[in-house]
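Peer 1: Structure below; questions to follow.
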Amino acid sequence: MSDVRDLSALNSSAQELVRLSVGVREKAYCPYSRFKVGAALVCDDGTTFTGVNVENSSYGATICAERSALVAAVTAGHRKFKRICVSAEATSTSGFISPCGVCRQFMSEFGDFDVMLVRPSDKRVLFTSVHRLLPINLDPLQEFLTTGS
């Protein structure tokens, strides 16, 4: 189950993660969609990485903020994560912007961890998890470890 909370009701570490994800959005490179997305990722050891969406005229080469933050963390040697916070403005007042299917699968490669989705304009945060976003993921490594083939 997912739940929605006001930013003011969050503890200071969650508020800081929201601040980072909202702030980094300004660094997004999105000349085609003008849709800025920011992400802040917390590793198991407390290290935090940020990422933004980087668009390309060849749309398939575009990288989302979630994957951008994860790639930075993996490049620095991290493989276990506690939480990711993703911020983007929703076009409706009732919804939240959720990670795309590729990002959901990409995140699931590293297991289940908390996901916070932020609507900066009204300071609302939806709490969920990787496995809630992608309950049946493609996990060939787990299949290999379980069956040996």
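From the backbone N, Cα and C atoms, a Cβ is placed for every residue, glycine too.
According to TrEMBL:
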| type | residues | note |
| --- | --- | --- |
| DOMAIN | 12-141 | domain 'CMP/dCMP-type deaminase' |
| BINDING | N53, V54, E55, N56, S57, S58, Y59 | substrate binding site |
| BINDING | C64, C100, C103 | Zn(2+) binding site |
| ACT_SITE | E66 | active site, proton donor |
Peer 1: Expressed to the nearest Å, what is the distance separating V54 (substrate binding site) and C64 (Zn(2+) binding site) at their Cα atoms?
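Peer 2: Cα-Cα, rounded: 7 Å.
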Peer 1: In the structure shown, with every protein chain counted, which of the binding-site residues N53, S57, S58 has the densest set of Cβ atoms within 10 angstroms of its Cβ?
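Peer 2: Going through N53, S57, S58 one by one, the largest Cβ count within 10 Å is at N53.
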Peer 1: Identify all same-chain residues not among N53, V54, E55, N56, S57, S58, Y59 whose C-beta atom falls within 8 angstroms of the centroid of the substrate site's C-beta atoms; report them in sequence order.
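Peer 2: So the additional residues around the site are Y29, Y32, A61, T62, I63.
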Peer 1: Determine, to the nearest whole angstrom, how far the Cα atom of E55 (substrate binding site) is from the Cα atom of C64 (Zn(2+) binding site).
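Peer 2: That comes out at 8 Å between the alpha carbons.
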Peer 1: Can you tell me how far the Cα of Y59 (substrate binding site) sits from the Cα of C100 (Zn(2+) binding site), in Å?
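Peer 2: Their Cα atoms are separated by 14 Å.
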Peer 1: Which ones are near E66 (active site, proton donor): of the binding-site residues N53, N56, S57, S58, C103, which have a Cα within 10 Å?
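Peer 2: Passing the 10 Å Cα cut: N53, C103.
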Peer 1: Counting other Cβ atoms within 10 Å, pick out the least crowded of the recorded positions E55, E66.
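Peer 2: It is E55 that, of the recorded positions E55, E66, has the fewest other Cβ atoms within 10 Å.
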Peer 1: Around the recorded Zn(2+) site, report the further residues of that chain (criterion: Cβ within 8 Å of the mean position of the Cβ atoms of C64, C100, C103; site residues excluded), sequence-ordered.
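Peer 2: The surrounding set, listed in chain order, is A65, E66, R67, P99, G101, V102, R104, F106.
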Peer 1: Using C-alpha atoms only, work out the spacing between N56 (substrate binding site) and C64 (Zn(2+) binding site) and round it to an integer in Å.
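Peer 2: One finds 11 Å between the Cα atoms of these residues.
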Peer 1: On a C-alpha basis, identify the one among C64, C100, C103 that is nearest to S58 (substrate binding site); the candidates are the binding-site residues.
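Peer 2: Closest by Cα distance to S58 (substrate binding site) among the binding-site residues C64, C100, C103: C64.
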Peer 1: Report the DSSP secondary-structure composition of the domain 'CMP/dCMP-type deaminase' (12-141) as helix, strand and coil residue counts.
Peer 2: 44 helix, 33 strand, 53 coil
